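Sending over a structure as structure tokens; questions will come in a sec.
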Amino acid sequence: MLKATIKSLLSRKLRLVLSALAVVLGVMFVSGSFVLTDTLQRSFTDLFSSAYADVDVSVSPKQEKGKQPEPLTAQAVEDVKSVPGVASAVGNVQGSARAIGKNGKVITTSGAPRFGANWTGNGQEKIRDGRAPQADDEVILGAYLATTGGFKVGDEVSVLTLEPKKTFKVTGVYDYAGGRESLGGELSMAFTEPVAQQLLLGQKDAYSSITATAAQGTSDEALRDAVAAKLGSAYDVKTGETLAKEQADQINEGLKFFNYVLLGFAGIALFVGVFIILNTFSIIVAQRTRELALLRSMGASRGQVISSVVLEALVIGLIASVVGLGAGVGVGALLATIFSSFGGTNLELAGIGVPMTAVISSFAVGMIVTVVAAVMPALRASRIAPVAAMREAATPDRPLTKITVTGALVLAAGGTALGLGFAQASLPLIFGGILVALVGVALLTPVLAKPMVSLIGRLLSWSMPGLLGRRNSSRNPRRTAITAAALMVGISLITGVSVVLTSATKSIEKLASGQLRTDLIISGEGQFDGQPATFQREVLTQVEKTDGVSAAFGWASDGVLQGDDRMFAAAVTDVPAMKSMFALQPKDGEIAPLRDDQIALPEDLATEKGWSVGSTVTLQLAKGEPRTFTVAFVWLKSQVLQGALVLPESAASSFRSNQIGQAFVQVDQGVAAADVQKRVEPLFADNPEITVQDRSAFVKQTTSQFDTVLLMIQILLALAILIAVLGVINTLALSVIERTRELGLLRAIGMRRAQVMRMITVESVVISVFGAVLGLLVGLALGVATVQALKDQGISEIGFPWATMVQYLVVAAVVGVVAAILPAIRAARLNVLDAIAYE
Amino acid sequence: MSASDGVAARAVDVWKTYGSGDAAVTALAGVSVDLEKSRFTAIMGPSGSGKSTLMHCLAGLDDVTRGEVWVGDTKVTGLKDRGLTDLRRDKVGFIFQQFNLLPTLTAEENITLPLSIGGKKVDREWFDVVIETVGLRDRLSHRPTQLSGGQQQRVACARALVSRPEVVFADEPTGNLDSQSGAEVLAFLRKSAHEFGQTIVMVTHDPNAASYADRVIFLKDGHIVRELLSPTADEVLDTMKHLDAPDFEHSAVPGA
């Protein structure tokens with residue numbers, strides 16, 4: 001039996017390749033994700049251990065919940081120095097510093113930090129050119145920053161720190177051991193110590209951390225304990241090794257999430273792969289019915305027939321897993337290289353390794369998926385009575401009742417899970433519900449196939465080849481349905497996401513045009529490496545005084561703690577201006593300027609917290625001791641400032657930063673906003689990260705991030721769609737083999753090669769478009785359900801991405817044409833005589 | 001040279017060799033034959049005699065190694081795939097042993113398939129005549145799976161006739177039918193030749209089937225070895241017996 005199975009496998013190389021390809025792609029994605037994240041993790045671990053190579057012990061202020069740590073004092077540095085066993089101790093100053101490039105734009109990275117420090121001269125930094133900064137207006141640049149910005153010794157460079165733009169003279173450039181420009185793509189610079197303290201910490205004689213090296217004969221651990229004993233409990237004292245590990249772990253935590261996302265998409269790809277393999281095996285088994293029946297009639301048991309098919313699946317799964325793993329290592333390595341060089345991170349890659357998880361998951365996933373997909377057709381094959389199968393491989397239309405009822409039940413189960421998932425905000429339930437619902441729809445597709453296919457086909461069947469193609473595609477509803485369902489999965493997910501994003505865009509637009517009565521919006525661009533850019537309170541005062549401005553207000557924002565609850569708080573400069581520009585309506589109390597011990601909040605937050613006007617609330621701000629406030633007013637639910645506490649302006653001084661993050665301007669009646677914009681913009685000349693926009697530009701900017709999200713999801717889901725295309729090719733190729741004799745007849749009675757190709761193409765396009773239409777419908781349903789569930793989160797409108805949906809439909813049609821190319825050529829090239837004699 | 005008046009298809013010194021060198025097999029060794037219009041001709045011979053090869057070469061389904069084949073005014077030899085395809089579509093009709101109907105099409109759609117492939121209009125009058133003759137009027141909207149074997153083969157016959165081809169080639173048309181259905185099909189073929197003037201060429205190894213033909217050509221080892229005009233089944237059977245005799249001489253070909 002084993003021999004017969006292997007022989008039958010080898011004699012069908014094409015089928016083998018086609019059915020294995022789907023598994024290969026899925027496994028490739030899985031192992032590629034693991035290889036990529038493993039490589040990056042080891043690279044970051046290397047990065048931090050080299051960053052802290054010279055640090056034996058590091059002292060930093062103890063982090064207290066919700067509070068900004070007090071910087072270390074000069075006294076603490078002296079204290080550390082006096083500890084026996086300390087060879088040297090240095091106070092380090094570090095804080096956000098962004099250089100402005102020669103084009104006037106702030107130089108950015110795609111994730112790596114941008115910071116300034118004090119030049120200590122005894123770190124790992126080696127001066128490559130020039131000298132260290134000595135005067136207050138001098139700076140030394142990291143080599144990577146110098147290269148990126150094109151700065152040389154003697155150039156001037158403008159820098160944004162806690163303070164607005166300041167210009168420095170570049171006195172030197174430093175790099176690291178081996179001439180490395182940066183450790184991990186960071187953009188760094190160093191000032192003299194007093195300048196660094198003022199610009200980066202905003203405080204004289206303050207330090208972010210202290211690093212100490214141990215004297216000969218003192219171990220790092222002993223030194224750590226000695227330093228800790230000397231300084232007392234207000235400090236965190238760690239060895240350099242621990243610190244490196246902690247920081248690497250922090251990044252790796254993020255990478256883990258990244259890995260989960262990739263694996264999620266790999267899961268979707270494999271999910272689609274299951275459809276394809278299931279279909280391939282169904283067709284192969286159907287075509288082999290006679291062969292299997294022959295084996296049965298010669299005494300093979302049902303179990304042997306099943307195990308023959310399952311064995312075939314195991315062999316395919318094994319080969320596909322090996323190939324997929326190999327390809328995954330390649331893809332992972334390629335992505336890691338792209339990440340390290342093009343991402344602007346300039347990360348030194350650790351060697352590409354193949355983690356055990358990649359190997360295990362590849363084989364587990366590849367083999368299990370293939371076998372699961374093969375078992376059903378195998379069971380069906382074993383049930384066929386040998387004589388019936390030998391007579392004629394007739395596969396009468398089996399009734400679709402059972403599958404339809406099952407589909408409806410599964411769909412209902414998926415819908416329920418989805419509903420529960422939304423209600424409990426449980427991500428696993430939501431995703432599980434979506435997948436189960438998709439399976440349900442997939443089971444329903446055979447019933448839908450006939451009417452929908454004939455409808456779609458009518459558009460394409462103006463000629464005989466077209467008519468035949470259409471009829472062929474509705475010939476085996478199960479086969480067409482599964483093939484189309486594979487395409488449906490990817491398209492429905494993309495469509496669902498599109499609906500949600502379009503709805504979010506529409507909601508924002510509506511909010512902007514309805515509730516925002518502001519003409520100009522001043523905001524900072526978001527940054528990867530910290531808080532959004534801010535500007536000084538005085539600039540806002542100047543904006544208020546600008547000609548044509550009728551009112552302006554802004555806020556500084558920060559997180560505040562109430563017990564263990566973290567909330568978003570805005571210290572608003574002008575409450576009446578906010579009231580009128582945001583059209584706030586009082587629910588309780590009067591919307592009036594807040595006293596220093598008063599706060600205000602929206603209706604839903606008040607309900608959630610059980611607070612009302614007059615309630616006293618104790619809040620821990622970033623600086624200082626907890627403070628008690630009284631609720632002054634509650635405003636009616638509104639789309640703006642959702643879930644936010646409004647604090648008096650004076651509270652901003654206890655925030656991490658008291659600078660303004662966002663401001664809104666109303667212009668005088670009859671004055672053009674554009675004119676005022678021109679007068680306001682120059683006020684921000686020293687704040688190049690701040691933009692002044694009119695309402696529509698602001699909306700555009702806010703919603704443009706959705707396009708990025710959509711693009712990324714499209715790229716990731718492209719794999720699922722690619723696998724679905726393979727499925728279409730697969731089905732067509734197998735159908736061509738199955739219908740060899742028909743094709744021979746058509747050629748014999750005068751159908752031209754081009755007509756044969758057209759017939760196959762129509763069949764392919766019909767299947768693809770059917771899949772796309774299903775996907776669009778299911779995607780719309782998913783999207784609408786999600787939007788409904790997010791109604792309270794600010795997505796108040798439902799928007800449909802019609803243009804995008806039409807695009808998907810067109811793409812599906814093109815996909816159909818492309819998928820038909822190879823099978824069509826194969827069909828057209830058939831030898832007429834051989835084909836007509838084909839069994 | 002062209003197929004002159006009165007000849008629907010013609011083979012001139014046709015050779016067909018498969019393989020090359022020592023493995024070469026000669027299926028046709030210099031066959032020349034004229035197939036007259038409006039006649040029902042049967043080609044007979046034992047297995048491996050080359051009768052199917054001859055039909056395939058005449059019908060443009062296979063190319064010849066040497067010699068020339070004509071269908072009507074068209075020189076088949078040398079045509080490229082496109083030309084051969086159009087020849088089969090416009091000038092040739094086929095009836096196969098396996099019926100070979102398209103399961104997705106109704107009987108009527110199957111019958112008119114050659115015309116719809118060529119984008120031609122159906123001549124309704126002629127269509128009706130064909131349908132009446134094969135007796136399929138009430139089966140036109142049925143799918144092949146809903147028809148008996150005899151009915152399916154009658155659909156195939158109607159398909160071959162509906163475009164009024166120069167020649168209809170039938171390859172063992174009764175091979176898969178019971179004797180009753182086979183007799184109906186054969187009678188229909190003879191009627192088409194005699195009443196509608198349709199040229200029919202049938203390959204068979206069934207002497208009874210051959211007895212329906214106006215002319216029977218016997219092939220052996222790639223040569224035409226004898227022919228009979230309007231023979232009885234017994235005459236055909238007798239000749240076949242002679243053919244099987246090992247001492248039968250090729251030189252006995254009349255008119256070769």
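Quick reminder: no glycine exception, Cβ is built from N, Cα and C everywhere.
Since the structure is predicted, the reported quantities are computational estimates derived from the model, not experimental observations.
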Can you dig out which of the ranges A:16-39, A:400-423 TrEMBL describes as transmembrane segment?
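Spelled out, TrEMBL records transmembrane segment over residues A:400-423, not the other listed ranges.
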For the domain 'ABC3 transporter permease C-terminal' (A:715-831), give the DSSP counts of helix residues, strand residues and coil residues.
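Across the domain 'ABC3 transporter permease C-terminal' (A:715-831), DSSP assigns the residues as follows: 100 helix, 0 strand, 17 coil.
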Taking residues 6+ outside the transmembrane segment (A:480-501), which of them lie with a CB under 8 Å of any CB in it?
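Answer is 268, 271-272, 275-276, 278-279, 282, 434, 438, 441-442, 445-446, 448-449, 453, 473-474, 706, 709-710, 713-714, 717-718, 720-721, 723-725, 727-728, 730-731, 767-768, 770-772, 774-780, 782-784, 786-787, 790, 795, 798-801, 804-805, 808, 812, 815.
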Name the range, of those listed as A:257-284, A:305-338, A:358-379, A:429-449, A:758-785, that has the largest tally of Cβ pairs under 8 Å with the transmembrane segment (A:400-423).
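Top-ranked stretch among A:257-284, A:305-338, A:358-379, A:429-449, A:758-785: A:429-449.
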Are there residues at least six beyond either end of the transmembrane segment (A:305-338) with Cβ under 8 Å to its Cβ atoms? List them, or say none.
1-2, 4-6, 8-9, 16, 19-21, 23-36, 38-40, 43, 277, 281, 285, 292, 295-296, 349, 352, 354, 358-359, 362-363, 365-371, 373-375, 377-379, 381-382
Out of A:257-284, A:358-379, A:758-785, which stretch has the largest tally of CB pairs under 8 angstroms to the transmembrane segment (A:429-449)?
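Counting Cβ pairs under 8 Å, the winner is A:758-785.
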Please spell out the DSSP helix, strand and coil residue counts for the domain 'ABC3 transporter permease C-terminal' (A:265-386).
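Its residues fall into 102 helix, 1 strand, 19 coil.
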State the non-local partners of the transmembrane segment (A:257-284) in its own chain: residues 6+ outside its ends, Cβ under 8 Å from one of its Cβ atoms.
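The answer is 12, 15, 18-19, 22-23, 25-27, 29-30, 32-34, 36-37, 309, 313, 365, 369-370, 372-374, 376-378, 380, 431, 435, 438, 442, 478-479, 482-483, 485-486, 489-490, 493, 716-717, 719-720, 723-724, 726-727, 730-731, 734-735, 738.
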